[in-house]
């Protein structure tokens, strides 16, 4: 048995609702609402206009920035609006609304057929960048950036994250069972790009069928499939790297600092589709689950489908949910309405009942220390939450390693005072980012002033 990481928690995995449900293809809704911001990095700008006819797989928004990701039409039809619409992370965001024409026709040239073994690393990275692929476990970092580490970072191991440790979510689990050929191709493509010979597939040991399926799929390769102790957040990058390689990502560091790159199952499938068939990222497997959902399912759904349309495909609600979550219950975000769209990083939609939710009235920290024991990053969550209440982001960053927090929610799960620790930490991070932007603007203004003074001399 592998040694586990320090900290973590053991919530009920609640995967019984959908673990044995094969992936179903969701119908294409009458309209898709495709946000231009679905990734970490520079936002994209529309390259289509209201009234344009578009095909499935056609580029509709792009950015010339390196850290960004193209956006594509998820079906064919007419662009009926470009404006601000509900967004799961930003409240409202510019989105391109496409009314389907019922034909679902591909843009010319897609799909195609390519042998990845005959492509150069540069060609494959270009294809992945063009296809708009991001990390599909929720982080949504552009994959072409992650697969091109700086020359001074010597990567020697790739890790496929098959842990899927968030309760309720089974999209990756079903994908490993049903699309193992694409998973294998995606891993092999990544290994060629990174020029590594060592790779691991890490899967929690509460998924024996997935472990068996992956061992069979990777038989005869240099990829090692490993059953991991079931403990949340086993699927966090830094935890996976530590358990599988013994390496510890330093404070403020990245996986590449210790020679590792991690991607999840859905991302590998998207890479296979793009490199082998030329298909951009226009759909994904998403879990629709929770006690309020009438027929929980794993669905292959088009980007831009609203939560309402996805839930309706699952029979709607059997009772009024007390909470709707985008993602999983530990790291996901509560939503106030069902008009928001499924995006590239939408791993799940949860409709939770009162019995599903461990909510309660928040009170002051009682200094019990449970959150410190649960934190896998060796932080002091209680102090960070207190600093969040006091708006002391600088102190949180410099003295309590704010930016090392992975927002896993283990602290919240263990807190008897029901403190919203992760919310405070997210607030501190947002304030820190805002301060950084203010400093950049101040420096730019000072530089401009100095240049003007030089001209006038």
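Glycine too: its Cβ is placed from the backbone N, Cα and C atoms.
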Name the one residue among 314, 408, 415 that Swiss-Prot lists for the same [4Fe-4S] cluster 1 site as 365, 368, 371.
415
Quick one: sort out which of 383-407, 433-457 is the region 'Disordered' according to Swiss-Prot.
433-457
Between residue 415 ([4Fe-4S] cluster 1 binding site) and residue 405 ([4Fe-4S] cluster 2 binding site), what C-alpha distance do you get in Å?
17
For residue 405 ([4Fe-4S] cluster 2 binding site), the one of 365, 368, 371 that lies nearest, given that the binding-site residues are compared by Cα:
371
What Cα-Cα separation, expressed in whole Å, is found between residue 368 ([4Fe-4S] cluster 1 binding site) and residue 411 ([4Fe-4S] cluster 2 binding site)?
12
Would you list the other residues of this chain near [4Fe-4S] cluster 2 - those whose C-beta lies within 8 angstroms of the C-beta centroid of 375, 405, 408, 411 - in sequence order?
371, 374, 376, 377, 379, 381, 406, 407, 409, 410, 421, 422, 425
Using a 10 Å radius around each Cβ and all protein chains in view, which of these binding-site residues has the most neighbours: 368, 405, 415?
415
Fewest Cβ neighbours within 10 Å, where candidates are the binding-site residues 365, 375, 408:
365
So how many other Cβ atoms are close to residue 371 ([4Fe-4S] cluster 1 binding site), meaning within 10 Å of its Cβ?
26
For residue 371 ([4Fe-4S] cluster 1 binding site), name the DSSP secondary structure in the helix/strand/coil scheme.
helix
